[in-house]
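J.: Residues or ranges marked as transmembrane segment in TrEMBL: B:12-36, B:65-91, B:103-123, B:143-166, B:187-208, B:255-272. Summarising the annotation, TrEMBL assigns domain 'ABC transmembrane type-1' to B:66-269.
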Amino acid sequence: MKKLNRVLSILLVMSLVFIAACSNNAGKNEPGTDTNQGNDGAKSNETIYFLNFKPEIAEAYKKIAKDYEAETGVKVKVETAASGTYETTLKSEIAKSEAPTIFQINGPVGYAAWKDYTLDLKDTKLYSYLSDQSLAVTEGEGVYGIPYVVEGYGIIYNNAIMEKYFALGTKATAVSSMEEVNNFDTLKSVVEDMQANADALGIKGVFSSTSLGAGEQWRWQTHLANIPLFYEFNDMQGFDNATSAGLSANEIKFTYGNNFKNIFDLYINNSTVKPTLLGSKTVADSMAEFALGQSAMVQNGNWAWNQINEVSGNTVKSEDIKFLPIYTGVTGEEKQGLAVGTENYFAINSKVSESKQQASIAFLEWLFTSETGKAAVTNDLGFIAPFNTFEDNEKPADPLAKEILAWMEKDTTSVAWTFAAFPSEDFKNDFGDALLQYAQGNETWDKVSSVVVDSWKSEKAK
Amino acid sequence: MQKMIQKYFALFALPTLIAFTLAFVVPFIMGIYLSFTQFTTVNDATWVGLDNYIKAFADKDFLNALWFTARFTIVSVVSINVFAFLIALLLTKKVLGTNVFRTIFFMPNLIGGIVLGYIWQLIFNGILYKFDVTLTNDPAFGFWGLVILMNWQLIGYMMIIYIAGIQNVPKEQLEAAKIDGATNGVILRKIILPLVMPSITICLFLSISNSFKLFDQNLALTAGAPSKQTAMLALDIFNTFYGKAGFEGVGQAKAVMFFLMVGIIVIVQLAITRRKEIEN
């Protein structure tokens, strides 16, 4: 009996010690923070927690974190949210005691949601390095989000297949080079003729599959939707730019809805798969189709370069990859360029300790000013960084990024990324769901238009 | 010994109690509190009263999910239990390889829901491709897809419970009935069914609660497509919580109502079937 008692009391003590040890661990970092307060930000042994938004470059960030630690001794923890789950991940991570110190917001709408957590970055060097300070997310005097990458999207095409088509004997159009394709009508006639000659060209379809699976719709309900809405916002009077017009619009008319229908019909009817099968297609599927030469065109942005490059057995040569603006049949679109903008803004968590904030800012400044950092940004991340610390020869070399830079030089007007003004994720998803129903033939186009108009109105009212 | 256990009851119960409090009681109470507030993260919330509950009921998606879940639960509970019982009857007869079959039927239950969902998605889409459609084409596809998936997963588990129940039926009673000239149908209705009532209670409880709170299979198979028409309650709550900024409280309110609904339904079911149980 006595022996048992002793065993029990030992067990009890052990379990208490265990519990105490567990709870101690969590709190331990806080006192540590205070002792570091006096130290120089860069030299402190603070851990920076960077919550990454882009899964496709997760590995590159891990390498950067290692380099930074080797150079300065500051540990950077990089976590990456899985595709389409950034908001979810951020929501749970930021409530933890070890919260992300650097996170990303997707523009004014994202800022509205994370207002309470974003630090004013007005006085940082990082902000002063911006080549165009109007790109930052601001409110009043404060600067809360710093863009770190300029991206562009359009229709990516495989020039080798196009050349093959232009040399084709059975060709029905008079178009003989991509230079001539500068409006929707030309594009449509070329695409439809190519589809008719698909076998001769060795492709399954002109366009890669229009991915409409759950979570795979962003190329249509965000990027493609941006084109008609950009023109609609542009028509509104009395605003600085299209995005601010969109932000103040409580209702939209979807005036250019038929332009959206034009290009969307072209995508789904001249594709590698039947429109009724699109509900199971993913972005990765469509990029693989393009990389394997099964399709000649795909709508995506310069971030897709890795996805094309890394598909095993890809047949597309990098010098054959070119960009074409998304023409939808708007008058005067011959002057339209690619859609160039950003939806990625760094924000610093205002609720972590002062020293952590400083360490985080120091890390970002290092990333965009030091030789190592800049090289990583250009070569590993492939970013066109909007900072004046980058020389001309420090711009990314991948073919899509090069194309973006080339289009920006051309005598065309870039389409701004006005989808930053879209009211909510739900609006986009409603739009995407309606597109799927339309592609499957379950809904009419009128229904899609009314979903877009109604959803905008109701989401704005919330 | 008995006395010893009584004396140290607290000591033995403590670790479990602590774990239960930390992992269940505290989050549960916090959850109820949060359903009356507006919040972005769980540590800062402002009180808004019943606002979230009103918003939840005004949400068409929620009502649609409720209706879809109710239909799904009825169909799958009936089919799961009928099939499980029939298979259990078959496998308690002296058939060759009973044990092998029992194992095989039980196995689907060992696979995680999300994996099951994706595998079945491939199977269904593979079949539907032949007809140039996919699961997202029609909410009915998603509905029956979920029913089939759920049957496949749960029938084996319920079967095991039914087998245990059927094996407990005394041989003497069955023999006596046979000698009295009762047909198989009568034996089933008058002897076996009443005696396996405890198994039925458990199986109904498990299949109702599992069907009602189905989440990962739903997410993996259809994710609510097309247009949220195949989203079940748990998925709708998840979508509300994470899909819309400022709607976390509404999601929480839905979750509280969800808990109450599942709770009430299974308590009613337990009360009804318990009453039908008889002493063996």
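The chain as shown is numbered from 1 upward.
Cβ atoms here come from the backbone N, Cα and C positions, even for glycine.
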J.: Six or more residues beyond either end and a Cβ under 8 Å away: which residues meet both conditions relative to the transmembrane segment (B:65-91)?
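T.: 98, 101-102, 105, 139, 143, 146-147, 150-151, 154-159, 161-163, 165-166, 188, 192, 200, 203-204, 207-208, 211-212, 214, 228-233, 235-236.
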J.: Restricting to the same chain and to residues at least six past its boundaries, which positions have a Cβ under 8 Å from a Cβ of the transmembrane segment (B:143-166)?
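T.: Answer is 68, 71-72, 75-76, 79-81, 83-85, 87-89, 91-92, 102, 104-109, 111, 113, 116-117, 120-121, 124, 135, 192, 195-196, 198-200, 202-203, 206-207, 210-211, 214, 217-218, 221-222, 230, 232.
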J.: Grab the same-chain neighbours of the transmembrane segment (B:103-123) for me: Cβ-Cβ under 8 Å, and only residues 6 or more beyond its ends, written as numbers and ranges.
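T.: Distant contacts of the transmembrane segment (B:103-123): 87, 91, 135, 145, 148-149, 152-157, 159-160, 215-222.
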J.: Against which stretches of its own chain does the transmembrane segment (B:12-36) lie, if we need a Cβ under 8 Å and a gap of at least six residues from its ends?
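T.: Contacts with the transmembrane segment (B:12-36): 5, 42, 45, 47-50, 52-53, 248-249, 252-253, 255-256.
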J.: Report, as numbers and ranges, which residues of the same chain sit near the transmembrane segment (B:255-272): CB under 8 Å and 6 or more residues beyond its ends.
T.: 31-32, 35, 53, 56, 201, 204-205, 208-209, 212-213, 233-234, 237, 241
